[in-house]
Amino acid sequence: MDTFTVQDSTAMSWWRNNFWIILAVAIIVVSVGLGLILYCVCKWQLRRGKKWEIAKPLKHKQVDEEKMYENVLNESPVQLPPLPPRNWPSLEDSSPQEAPSQPPATYSLVNKVKNKKTVSIPSYIEPEDDYDDVEIPANTEKASF
């Protein structure tokens, strides 16, 4: 029984050592086999006189492509108005319902105090019953969960 396990482990190590070579050879053999099968099938079909026609695209696809490029190739019959000058206010900035816009307010320079301390108020205050700051006892750190 001992000799069987020794032979089994040496055979397994041989497969493990040559795995990539075996895999490459298997891929090549399968590819060549499938290629030969397809070659024989095509040759047999052509001997029988069967002609394969190349599939043509459907006509509605060509019409769609023509429609897609129609506006680019042909000038549109409707004459568009010229573009406004660049410094002209855009329609997005103001809508026609608004009253005439007032000139922007002018601001004066504010003298800043350089050594002034500012106090910041946090926007989020933790609730008192929040358990993030609770200390964990030392004897539970080593326990596995």
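The backbone N, Cα and C atoms fix where each Cβ goes, glycine too.
Checked against Swiss-Prot, the residues Tyr69, Tyr124 yield a single entry marked phosphotyrosine: Tyr69. In Swiss-Prot, the entry for phosphotyrosine among Tyr39, Tyr107 corresponds to Tyr107. Helix, strand and coil counts under DSSP for the region 'Proline-rich region necessary for constitutive interaction with LYN' (81-86) come to 0 helix, 0 strand, 6 coil.
DSSP gives Cys42 (S-palmitoyl cysteine) a helix state.
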